[in-house]
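Enquirer: Once you've had a glance at the structure underneath, I'll fire off some questions.
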Amino acid sequence: MKLSNPFVFRPGPVSFWTTIVYLAIIIPLIYVQETVPPAPPEKDLPQGVNLTEAWLDLEVITRSYHPFNSHSNDIVRQYLVRRSRDILERNGIDYTTDLTGGVPWESRYLSSAEHPAQAAEASARPRGATLFDDRISNVTMTNPQPNDTMGRYFEGNNFYVYIHGSEDPEGDWWTSDNVQRVARNGAGVLVNCHFDSVSTGYGATDDGVACVSLLQLLSHFTSKGHQPKNGIVLLFNNAEEDGLLGAKAFGYSPLVQFCNTLVNLEGAGAGGRAMLFRTTDLEAAEAYSKSPHPFGSVVASNAFERGVIKSGTDYSVFVDNYGQRGLDIAFYSPRSRYHTEEDDARHTSVDSIWHMLSAALATTESLARTTSTKFNGPRSDGRKDLVQSGRPTAGVWFDWYGSSWSAFSLRGLFAWTLTLLITTPIVLFVVTYVLVRDDKWYFFATRVDSSVGDGEETVSFGGWKGFVRFPFALVVATALTIGSVFLLAKVNPLIIYSSGYSVWAMMLSLFYFVSWLLLRGAHFVRPSALQRGFTLIWLFIITWVLSVFAAVAEDRMNMGAVYSLAFLHTLVFAAVLISLLEQYALPAKQDFARQLSGENEEGEEQEQENLSGDGGNEQNHEDRGEADIAAAPTETTPLRADEEGQGSSEQTTTFANTYRRPVPETRGATHSGNNRKRSFPPYENEQAWSGRLPTWTWFIQLLLLVPLYVTVLGNLALVQTTSMGMTGTDGSSLLVPLMGVGILTILLLLPLTPFIHRVSHHVPLFLLLVFIGTLIYNLTAFPFSANNRFKFYFKQVVDLDKGSNVVTLNGLEKFVRPVIGSLPTPAGQRIHCDEDPFLSNLRNCQYDASLLPPDVANGEKLENLISFEASKSKNGKTVLVSLDALNTRVCFLDTSSPIFGFSVDGGAKRDDRFGSFPPEGLQQIQLWRRDWEKGWNVTLYLGGNVLPTNQDSVEATEVDEVDDDPSGGELKRRAVREFVVTARCAWSDVNSANTIPAFHEVKQFMPRWAIVAKKSVGLVEITKKIKVT
């Protein structure tokens, strides 16, 4: 039995191979997205790394909530310091503890050596490690965000371990008189985590996994034979969750200028894989390539740079404010557990620890081995006040199925794109010219003079058939797909929160079915062997135009995120080239026309012989002969051949619904001598000449267009859905995640369109059923579940002056109201919801909570919690504020009118690295302290629109407070006399249910599909006002 060709361009093979190829790509991509690579056995781990130990450390760290403003935070800090000491001692490393930090650089040492003589000797040579226990650093700054008039004073308590490198400066170089010069000669690597959590989360992945990874890095790099060439600083910073404050306090360390490179470990999800969020340059991305399971792309980096992703991490401080180069590695999913009680050890795994740890270890090893000027030397921006980290190279990087890594320069991508823009049209033009010269250019061919016999006859080639089908189908399919996006956004936009794959199934099935219906329908009505080639030509035109914009983005905007277009352009060009070269298998058009006319004449003679017994009806024979060589049907040709058409136009249209086949398809096929014709029959009434085209080249085109491009883009598509699908409850746009799916659906299925008209009806009809089912589900299903919980935000405010106690639940009003309806306390109250001033999609819904007063200081009355005094100086230029509060580290000062300078007793001058002083002044100051009992003495400087100097923010220039204008002078004097200062102190420790009963009521009674997170720094704020006259 003869087996059929499995690669022929027929419905069966096309349906099979297109489905198999797409599934073979998409299923592994989904698997990579949804799973974490298993950790290796203990025997295969790098020396010094112990995952069992790391897991136990994580369980200890996440036993309780441990925000900066909690006593548990101190316990976690002590544990990490003790574990660091234990590791150093276990590995036999001499180390000292440096109690410096802040300014001035005064230090004392506590040596781990048993004898003072040994300690003295160790100070003269490179020590194994130094532990910096910083309880001195403080920073005064203004918030760098626009339209945010806020000042901050922060007292840090970071600690960090400096592992001395074999090529580092000798001795305790940071104590030398010329510390800056010595530091800048180094090439240290900073690896950072933060050990505080939010007040509503246990901080397993944000950022406990990172901190236990640092402990394992400490163990590895202090093991025998693993001392790095360049020193490594392992920073455990505090108070990241409340404004990246620990990283800013590190700016006063003498090691800042020493660390040229950075590996920041973070968590913006709660488990899964740790993704390379962003990097500064190509060299850093190449260092990451040593990771055994790389995961990420340049798209995320570009999204951060353009403000599409607004999540802030310590990375921005180290890179933007200090000038270091490096990477930001972070967990990114699932977002619904981020900053909630589900960010715990139960919802992560040892595999997740290994994924982050292995990436950090490989990257740190690579950076610590660098001895050239790759990360050292003058900066490209010429700034001398930042770390002299060399000249970075803009790059492009992405992973392949989470197992391999590609990284190359952005200039290389631009050169690639530019080469495609210039060379591909030229190559196609040359090939087309040769085809025209050889009379084998069948595209756009209309009629050819056969020049056979006594009369002049022309043969139609149907070279325009199928030309406009693809753009028409693309426009309609795109419109319907984008329309479905807006439909979902209108009816049930948050369905992507829990059912992202359902949204993908709906979009993909809709675009596929509509494209097939239109393209297959057009081919059925008017078959054309050129449809695949025309579709590829249109794809080439589209990708060429898009590549123009991509080249501008790459060259002018330094955007590497468009790299997938270079792949698509290259592959489409190759596929078009194959379609052109296919025509060399065809005879010259003139030869085919002559052959066709010759066969027609033979057919007529044979027919006359066969019909000679009919009484010599020559007129009928003559009429049939004329019909056989007639021109191809026109747009006025009737539906049935025996009906008359109207008009005289001879031009055909793409979707004309009749087609008169050339003579060889009818008469020639019955001629006994037409053996050649019988060897190359056309498919389904396509053009007669098309039977000579190769039937297997489509499969090569499929393999060119689909696997590589869909792999690159499909990975980005899944990451986009996972990272953005759950941001709607955070106040982000509800439309953007859905629109991303819609646009990526179109881009993913574009490579299929040249072949889709050959797909049998079974696949699209199945997808039609999928579309109907998923559409109904997506429009009607409740978007949240116990595994994908609706996130809302809690805050309680007690106003001592008004005697009020109000709880605010912030979130999407449609879902916040049912949460409030499930609580006992607000029952019967009229709930009013106001628009959030910062996030327009969210609402602040409030209810009276007087029955649930907080107990934040072991039974102390609320009115006794805050000690607050304020008075104006004799000259009226300043206001002196004395503020203290029980059992908290955080208080705010709000002023009724702007101030133009402030200082805190014992604090440093304002640091210009973190923002300039706003010309309009400040009306809020945040005050943070490292201990629990020392109060704040703050001086507020009054005045006009005068910007304090960068060197001393506490000096403000006096301006006239009273205008000479009699109509306004009295009001201004009254405003000055009634200067009001409001103290707001915050409490965040909810490890005991009795501390903030209103919060625990919410946790106890909220629906299973909802989960609570913090709204601001404190879960409870208590306020008190003073009028200063």
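Cβ coordinates come from backbone N, Cα and C, glycine included.
Keep in mind it's a predicted model, so treat the numbers as computed, not measured.
According to Swiss-Prot:
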BINDING   His194, Asp206, Glu266  Zn(2+) 1 binding site
BINDING   Asp206, Glu241, His339  Zn(2+) 2 binding site
CARBOHYD  Asn50  N-linked glycosylation site
CARBOHYD  Asn138  N-linked glycosylation site
CARBOHYD  Asn147  N-linked glycosylation site
CARBOHYD  Asn937  N-linked glycosylation site
REGION    596-623  region 'Disordered'
REGION    637-684  region 'Disordered'
Enquirer: Which of the three DSSP states, helix, strand or coil, fits Asn937 (N-linked glycosylation site)?
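Expert: DSSP assigns Asn937 (N-linked glycosylation site) to strand.
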Enquirer: In whole Å, how far does the CA atom of Asn937 (N-linked glycosylation site) lie from that of Asp206 (Zn(2+) 1 binding site)?
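Expert: That separation, Cα to Cα, works out to 34 Å.
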Enquirer: With a radius of 8 angstroms around the mean position of the C-beta atoms of Asp206, Glu241, His339, what other residues of the same chain does the Zn(2+) 2 site pick up?
Expert: Ser197, Val198, Gly201, Gly203, Asp207, Gly267, Tyr338, Asp343
Enquirer: Can you tell me which of the recorded positions Asn50, Asn138, Asp206 is spatially closest to Glu241 (Zn(2+) 2 binding site)? Compare CA atoms only.
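Expert: When the Cα distances are compared, Asp206 comes out closest.
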Enquirer: According to DSSP, which kind of secondary structure is Asp206 (Zn(2+) 1 binding site) found in, if we only use helix, strand and coil?
Expert: helix
Enquirer: Ranked by the number of other Cβ atoms within 10 Å of their own Cβ, which of the glycosylation sites Asn50, Asn138, Asn937 ranks first?
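Expert: Compared across Asn50, Asn138, Asn937, the most Cβ atoms within 10 Å surround Asn138.
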Enquirer: If I restrict to non-local contacts, at least six residues apart, and a C-beta distance under 8 angstroms, what lies near Asp206 (Zn(2+) 1 binding site) in its own chain?
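Expert: Sequence-distant Cβ neighbours: Ser197, Val198, Glu241, Glu266, Gly267, Ala268, Ala270, Phe331, Tyr338, His339, Asp343.
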Enquirer: Would you pick out, from the binding-site residues His194, His339, the residue whose Cβ has the largest number of other Cβ atoms within 10 Å?
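Expert: Result of the Cβ crowding comparison: His194.
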Enquirer: Tell me the Cα distance separating Asn50 (N-linked glycosylation site) from His194 (Zn(2+) 1 binding site), rounded to the nearest angstrom.
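Expert: Between the alpha carbons of His194 (Zn(2+) 1 binding site) and Asn50 (N-linked glycosylation site) there are 21 Å.
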Enquirer: Write down the Cα-Cα distance for Asn50 (N-linked glycosylation site) and Asn138 (N-linked glycosylation site), rounded and given in Å.
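Expert: Given the Cα positions, Asn138 (N-linked glycosylation site) is 36 Å from Asn50 (N-linked glycosylation site).
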Enquirer: Name the residue among the binding-site residues Glu241, Glu266 whose Cβ has the smallest number of other Cβ atoms within 10 Å.
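Expert: Fewest other Cβ atoms within 10 Å, among the binding-site residues Glu241, Glu266, is found for Glu241.
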